[in-house]
Amino acid sequence: MALRTFATRKTLGLASTFHQQLRGLQTFTLPDLPYDYGALEPAISGDIMKLHHQKHHQTYITNYNKALEQLDDAIAKGDASTAVKLQSAIKFNGGGHVNHSIFWKNLTPTKEGGGEPPHGSLGWAIDQSYGSLEKLIAKMNAEGAAVQGSGWVWLAVDKELKRLVVETTANQDPLVTKGPSLVPLIGIDVWEHAYYLQYKNVRPDYLKNIWKVINWKYASEIYEKECP
Amino acid sequence: MDMDLSFGLGNGPMVLVRPNYKKKHDLLKSTRITSTLIRIKPQSQRCIIVTTRTSKPHLGLVLEFYSIVFLFEVCLVDMSWSCSNYLCLSTSNTGSVISYNELTRLNSCKFACVSEGQRWKRQDLNRASNILAYSSLKPPSFKIDIGQRRKDHPLKKPRNISAYYSLKPPSYKFDALEPYMSQRTLEVHWGEHHRGYVETLNKYLAKDDILYGYTLDELIRVTYNNGNPLPEFNVAAQVWNHDFFWESMQPGGGNLPILGLLQQIEKDFGSFSNFREEFIESALTLFGSGWVWLVLKRNEKRLAIATTTNAVTPLVWDDIPLLSLDMWEHAYYLDYKNDKAWYANVFMDHLVSWNAALARMARAQAFVNLGEPKIPVA
């Protein structure tokens, strides 16, 4: 199944990317998931993963590419007002693409280490800043549940202050809108599309269960890169 | 008529506080409040706070005769005496209304008065002064009685607390909107989301007696706080929004609006299909969670399409909404997954209740004058 969908994506993207690259505009394609859609069960169902990846993330990428094309045109023509008008579409769709790309890397099946607590410097930093991993998880769950409407909850490291922070963003705003020196380590999508089919309106249950498939290894790598 | 003897001592303007005259009471400690006569009725207690005129040790006699209170003071130092009377603001069970100025002054009191039986607790006066936290809010449209508020305090209420707001079911059965909106969606959307909002709202209101007594519309406007919403805003607005949404839909809905509404739409949008296109486009270009509305703008006296994020409603801008479409993902995800365009089109074709919109517009015309007066020329 994964192979088949990979093939179709490639052929569809080929024509437009060729055209874009002629103009020197870098476009984006849907990144592959490093695991099967059903591999994250029972924390996140395969249906949700498939829809989330193939429909939602793909839509963000398509609209982002479109917005970039329009922006490119507007800049080439010197049309400042259109260029500024497109900013919200770029923030939304581009942010959606950026956030979801991080999200897929943040998840991993349980048998490949999902949910395993972080060791090394990240684990130590978590214990220092929050007391324990459980307390950090409780805090992130509380903030995630409190997000009104759609948004994300992040565990990030402030690369200037070398400190861990928990932040929330609204809609698809990327984390940098909350602070230019914030580097995301773990992001959890609390848009309803991320959990509705399985958990309906019980967002706290989704937040409790998603920690079983969180990829702390990836987070540790990023942390060690920013705070060696 | 009743008499009471109170003893006051101190070196500043003082207040004698006495509890219900029907009970025995001890000699009271006095405290320092500079205020005029206020009568507070906690539960069935009545209490009079009286300022004395002198700061020297004196003996005071408080006589209450229906709604008039006489204060006779004798100064023990120079044996001067004075007699003053106060008219109580009210003797009825509804107690009296206290102005915010009075409460400001109460706020600075160091209250330490107890009496046998009823404890006139400091927390109760502090609770009254918590009203200052919201003192910039417009007071509710009818007078609220402090005594009533205190009677309704959760700790004093009987244990079976009744809800302030109730969950109203849609006027059609859950499977009436099939196949356009499934029964399952209605069960979860109404039964869990909407119900959750109502219960959270009641929980908030049980804590905050300053917000008790507003109608839902007023509550939304007040908690919106001109763009800086209080935490109750989201829940209150979502309760209202969902009530409005269920009424904006009907089984066998869709088709075209009729009569005056159609005329007004054609006048303001050009044609119905223009309006429909614009409405669906607004629904699709909405980022994140929100609502799409057909509103009647009060100032511009015309119809318009508005989109709002999260829980915001056109009520906060004083416009009159006629229709709404819930674009939160929970409204369509079970039926349409991520296909917003399909959902919006189905809403327009099969779900929207033009009858409801027409009725709302008819009501709105009592507040907004849409037509040009037909003044004959010569």
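Cβ coordinates come from backbone N, Cα and C, glycine included.
All annotation found in TrEMBL is predicted automatically rather than curated by experts.
As recorded in TrEMBL, the features of this protein are as follows:
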BINDING   A:His52, A:His100, A:Asp189, A:His193  Mn(2+) binding site
DOMAIN    A:27-107  domain 'Manganese/iron superoxide dismutase N-terminal'
DOMAIN    A:119-221  domain 'Manganese/iron superoxide dismutase C-terminal'
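Looking at A:His52, A:His100, A:His193, the binding-site residues in this record, the fewest other C-beta atoms within 10 angstroms of the C-beta turn up around A:His193. Residues A:His53, A:His56, A:His57, A:Phe103, A:Trp191, A:Ala194 surround the recorded Mn(2+) site, their Cβ atoms falling within 8 Å of the Cβ centroid of A:His52, A:His100, A:Asp189, A:His193, which are themselves excluded. Proximity to chain B, defined as a C-beta distance under 8 Å, is registered for the following binding-site residues out of A:His100, A:Asp189, A:His193: A:His193. The average pLDDT computed over the domain 'Manganese/iron superoxide dismutase C-terminal' (A:119-221) stands at 92. Close to A:Asp189 (Mn(2+) binding site) in the fold, though at least 6 residues off in sequence, lie A:His52, A:Asn99, A:His100, A:Phe103, A:Trp152, each with a CB less than 8 Å from its CB. Counting residue by residue with DSSP, the domain 'Manganese/iron superoxide dismutase C-terminal' (A:119-221) contains 53 helix, 25 strand, 25 coil.
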